[in-house]
């Protein structure tokens, strides 16, 4: 019996290490590698927005449990420090000013994920799957004010947080001079809303993911 229990314990430990701390998988970790606090936000479909006040080096986890389902989900950083409108927990304050980590987890056994600058860019962002056979993706623009040239628009908050608004990202007309600024800076991220060919990635359901601010 003792030997059987030892074998079982080793098997469980192996699964734990292989899948990044979750035996069942389906955990999205949100990691702040920035040297400052980040207000992280997550939302799936039109449900209430979750807020994570992450100190430098801090992290939070979205555990999807056995259902392994997270449709039309996003993770992003709030530039105002408040994810949802007061009294309207499903309404975002500033998602339109942020770049997004986007997920659809659990669709027929296959997850899709991407990074999107379709609305704007405000912070370095990465998605790292626990499955070594899946692609890690990252987008970092070091000097936002220098990068953000017309027709795109620079927005600076009272807190000094900056966003570069992708003015053509959602207009549906395909690549423009404005969207190409984003694509040249981050070739594996969405730069406009039909930029699928080089910007969408897949992985088997059951994989854990880590979304990193300031990768």
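Cβ atoms are placed via backbone N, Cα and C, with glycine included.
Predicted automatically and left uncurated, TrEMBL annotations should be read as such.
Pulled from TrEMBL, these are the features on record:
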type	residues	note
SIGNAL	1-20	signal peptide
DISULFID	34-214	disulfide bond
DISULFID	134-203	disulfide bond
DISULFID	139-186	disulfide bond
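Known features from TrEMBL, placed on the structure.
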residue: 34; record: disulfide bond; Cβ within 10 Å: 19
residue: 134; record: disulfide bond; Cβ within 10 Å: 18
residue: 139; record: disulfide bond; Cβ within 10 Å: 23
residue: 186; record: disulfide bond; Cβ within 10 Å: 23
residue: 203; record: disulfide bond; Cβ within 10 Å: 20
residue: 214; record: disulfide bond; Cβ within 10 Å: 17
Here the disulfide-bonded residues are 34, 186, 214, and the Cα closest to that of residue 134 (disulfide bond) is found at 186
Out of the disulfide-bonded residues 34, 203, 214, give me the one sitting nearest to residue 139 (disulfide bond) by CA distance. 214
Determine, using Cα-Cα distances only, which of these disulfide-bonded residues is closest to residue 203 (disulfide bond): 34, 186, 214. 186
Determine, to the nearest whole angstrom, how far the Cα atom of residue 186 (disulfide bond) is from the Cα atom of residue 214 (disulfide bond). 14
